[in-house]
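Annotation source TrEMBL lists active site, proton acceptor at Lys191. Under the heading NAD(+) binding site, TrEMBL lists Gly8, Ala9, Gly10, Ser11, Trp12, Gly13, Ala140, Arg255. Residues or ranges marked as NADPH binding site in TrEMBL: Ser11, Trp12, Arg32, Arg33, Tyr49, Lys106, Ala140, Arg255, Glu281. The annotation sn-glycerol 3-phosphate binding site is assigned in TrEMBL to Lys106, Gly136, Lys191, Asp244, Ser254, Arg255, Asn256. Here TrEMBL flags Lys106, Arg255, Asn256 as substrate binding site. The feature domain 'Glycerol-3-phosphate dehydrogenase NAD-dependent N-terminal' is assigned by TrEMBL to 5-160. As annotated by TrEMBL, domain 'Glycerol-3-phosphate dehydrogenase NAD-dependent C-terminal' applies to 180-320.
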Amino acid sequence: MTRAAVLGAGSWGTTFAKVLADAGCSVALHARRPELVETIARTRENADYLPGVRLPAAVRATVDPAEALDGADVVVLAVPSQTLRDNLAGWTPLLPPEASLLSLMKGVELGTTKRMSEVICEVTGAGADRVAALSGPNLAREIAEEQPSATVIACSDTERAELLQAACGTPYFRPYTNPDLVGCELGGAVKNVIALACGVATGLGFGDNTRASLITRGLAETARLGMALGADVTTFAGLAGLGDLVATCSSPLSRNRTFGEHLGQGMSVAEVLQITKQTAEGVKTCRSVLDLARAHGVDVPITEAVVRVCHEGESAAQMVREMMSREAKPE
Ligand SMILES: NC(=O)C1=CN([C@@H]2O[C@H](COP(=O)(O)OP(=O)(O)OC[C@H]3O[C@@H](n4cnc5c(N)ncnc54)[C@H](O)[C@@H]3O)[C@@H](O)[C@H]2O)C=CC1
Ligand SMILES: O=C(CO)COP(=O)(O)O
């Protein structure tokens, strides 16, 4: 039986622990707060993040990362992207040397512009063949409710990707493999930025034409950046590209879209941050994506607009005016 350790008991970490258990793994779920561990053990529910979802008996919550990691074949990382480096510093000495390291995170590190797999390799010293990323249209709540969906497991080592695919496939969760780690990780990170823009449009009262325009042009800028970074352009037509972009930009469950919607309704970034309890990765990752794009000479107008609104005080209305008055060009 595969032994999995899931580090991070937020909405996606907890949901993925359930997926792994339903796929037949024995799962240790590491949470930071002892009271949450105690509640999960007593009620079989993580009421803070997934109220009403019963966790299988094969999920064991623990506050001790050493206990979670002891004997793990698969280590799943599910913390906010900007905290990963610090989290890993504590966990690295405890990692079993042969374990696969699977990132669920969708962000790019501020300052370094590194993707999560790059941070993992750098901090842990693991070879690239041991590190994988899972990305796709995977809104946690829907998966926790066992609504059917598909995803991608990206790893340069295809055999390892296939082992991970087998470890987390269930009747409601269908993983595909893809060797294009760069494209899959970038698709997951940039879609959060585009979802913020779609949220702003929704908050301003705009409808499906606006949203579809942003999704389509957002995909174009993601693919341009991806190609500059060496990704396979076909990845962006897949689940980790278009699939995730459509789900996140369309769903009221998305934290990024909801964040943008509040901005579009006139709230300030500080006000929205105050009422946002979970991670909306795009708010910080938009800056890293813009840095990456500038370093590679790639035009990313939607990302630029999101950076202006999130970090430079531009209003949502001004953002729309500026985007719609850009110079005319061929598609
Ligand atoms: N929730 C979702 O539907 C999906 C989320 N993701 C990605 O998974 C990653 C994790 O997201 P969620 O579980 O949704 O986030 P969340 O905000 O629900 O939970 C984050 C978890 O990380 C823990 N954590 C550990 N160290 C932390 C620190 N230093 N600061 C803050 N929190 C810390 C928190 O205690 C919490 O359990 C993100 O990169 C997100 O983009 C990807 C697909 C779906
Ligand atoms: O990544 C996600 C769906 O695939 C979740 O999106 P949010 O982080 O915006 O909720």
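First residue shown is number 1, and so on along the chain.
In case you wondered, yes, glycine gets a Cβ from its N, Cα and C as well.
Where TrEMBL records a feature, it is marked here on the structure.
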| residue | record | Cβ contacts under 8 Å, 6 or more apart |
| --- | --- | --- |
| Ala9 | NAD(+) binding site | Ala17, Leu29, His30, Ala31, Arg32, Leu36, Ile40, Asn46, Tyr49, Ala61, Ala78 |
| Gly10 | NAD(+) binding site | Tyr49, Ala78, Val79, Gln278, Thr279 |
| Ser11 | NAD(+) binding site | Tyr49, Leu50, Ala140, Arg141, Ala144, Gln278 |
| Gly13 | NAD(+) binding site | Val6, Leu7, Leu29, Val76, Ala78, Val79, Leu104 |
| Lys106 | sn-glycerol 3-phosphate binding site | Ser81, Ser135, Glu185, Gly188, Ala189, Lys191, Asn192, Glu281, Thr285 |
| Gly136 | sn-glycerol 3-phosphate binding site | Ser149, Ala150, Thr151, Val152, Leu239, Ala240, Gly243, Asp244 |
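When pLDDT values are averaged over the domain 'Glycerol-3-phosphate dehydrogenase NAD-dependent C-terminal' (180-320), the model yields 98. With Lys106, Arg255, Asn256 listed as the residues that bind substrate, the site has a largest C-alpha separation of 13 Å. Proximity of the binding-site residues (Ala9, Ser11, Arg32, Asp244) to ligand 2: a Cβ under 6 Å from the molecule is found for Asp244. Most Cβ neighbours within 10 Å among the binding-site residues Trp12, Tyr49: this distinction goes to Trp12. Checking the binding-site residues Gly10, Gly136, Asn256 against ligand 1, the ones with a C-beta less than 6 Å from an atom of that molecule are Gly10. As a whole number, the greatest separation of Cα atoms within the NAD(+)-binding residue list Gly8, Ala9, Gly10, Ser11, Trp12, Gly13, Ala140, Arg255 is 17 Å. A Cα-Cα distance of 19 Å separates Gly8 (NAD(+) binding site) from Ser254 (sn-glycerol 3-phosphate binding site). The Cβ of Arg255 (NAD(+) binding site) lies under 8 Å from the Cβ of Thr276, Gln278, Thr279, Ala280, each on the same chain and at least six residues away in sequence.
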